[in-house]
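Notes to accompany the following structure.
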Amino acid sequence: MIELSNITKVFQQNGRSITALADVSLHVPTGQIYGVIGASGAGKSTLIRCVNLLERPTEGKVLVDGQELTQLSDSQLTRARRQIGMIFQHFNLLSSRTVFGNISLPLELDNTPKADITKRVNELLELVGLADKHDVYPANLSGGQKQRVAIARALASNPKVLLCDEATSALDPATTRSILELLKDINRRLGLTILLITHEMDVVKRICDQVAVISDGRLIEKDTVSEVFSHPKTPLAQKFIQSTLHLDIPDDYLTRLSPDYHPDTTPLLRMEFTGKSVDAPLLSEVARRFNVNNNIISAQMDYAGGVKFGIMLAEMHGNNADIKDAIQFLQESHVTIEVLGYV
């Protein structure tokens, strides 16, 4: 549905050339939710704005539903953009128009008959859960309700693609979850292809099928969400994943934690389990095999892309040689282990 081929975008600023995107290629299959994650300034917004040519690439091709957008005339591009809806971090609603009036605006600009406008807007209000807000003005809506109006407006022309530019970053966590569930529901009901950008791995984890990691204008990793969570290939992907499952070291352990091993201390381990290692009774196995005892301090488990993954803080008691053998066995069983120190 979306094919970006060798996209480069260079901005001119104060006589200097600034490369925002460098040779980026990306394929978003029809009907999928695809996430692009990166830190501020990584090039995310520039990338998504190249899809509908709000930013025209310096080099490369942009294909949406088989059309090469960079080769279209202005009138052809206008028609093609009707198949590409877009929502933003800020809702950009017209304060002088009601909810109905905001959603109907693109249809009015397209000279759609009034009866068809009314029918379509009512369908969309039902879809986004705002059937009772028909005549309400934006000033009387919550942030989540405003974003629902923006989503309905973006869907007014029956687009095949929806672009989401940090669409939940201005919302509180509970509202973010409800908007993500709405996007997932719309994707499922309408078969809509969704490309979203975010700086939060929680967003990717909740609704995306595939994810790409962008850094300094380059895509450094891309795969299914389950594969990236199970086997991250870059330190940045690993960092984003760790941000979704974070366990704090208890204060009483922090006060005793030392970076150096002593014979009377025991290692404090941070263990990450993905794929098959989540369900395997590995800690019981190392206890039997290597004569070590594990004291689990805290643990957490979650799902991403249909795959379970988890994190654990634990002490491992035993003699030093047995502990080293146990850690090596766990690592060979696809458990990622970090020795945080000794207590």
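Cβ coordinates are placed from backbone N, Cα and C, and glycine is handled just like the others.
On a predicted model such as this, the values are computed, not experimentally measured, just so you know.
The domain 'ABC transporter' annotation in Swiss-Prot covers 2-241, and the record cites sequence analysis as its basis.
Swiss-Prot lists Gly38, Ala39, Ser40, Gly41, Ala42, Gly43, Lys44, Ser45 with the feature ATP binding site. Neighbour list (Gly43 (ATP binding site), Cβ cut-off 8 Å, at least 6 residues apart, same chain): Lys9, Ala20, Leu21, Val24, Ile214, Asp216, Gly217, Arg218.
Sorting the binding-site residues Ala39, Ala42 by the number of other Cβ atoms within 10 Å puts Ala42 first. Ranking the binding-site residues Ser40, Ser45 by other CB atoms within 10 A of the CB puts Ser40 at the bottom. Summed and averaged per residue, pLDDT over the domain 'ABC transporter' (2-241) gives 94. Report note: the ATP site is defined by Gly38, Ala39, Ser40, Gly41, Ala42, Gly43, Lys44, Ser45, and the residues of the same chain whose CB lies within 8 Å of the CB centroid of those residues, excluding them, are Ile197, His199, Ile214. Take the CB of Gly38 (ATP binding site) and look out to 10 A: across all protein chains shown you find 24 other CB atoms. According to DSSP, Ala42 (ATP binding site) sits in a coil region rather than a helix or strand.
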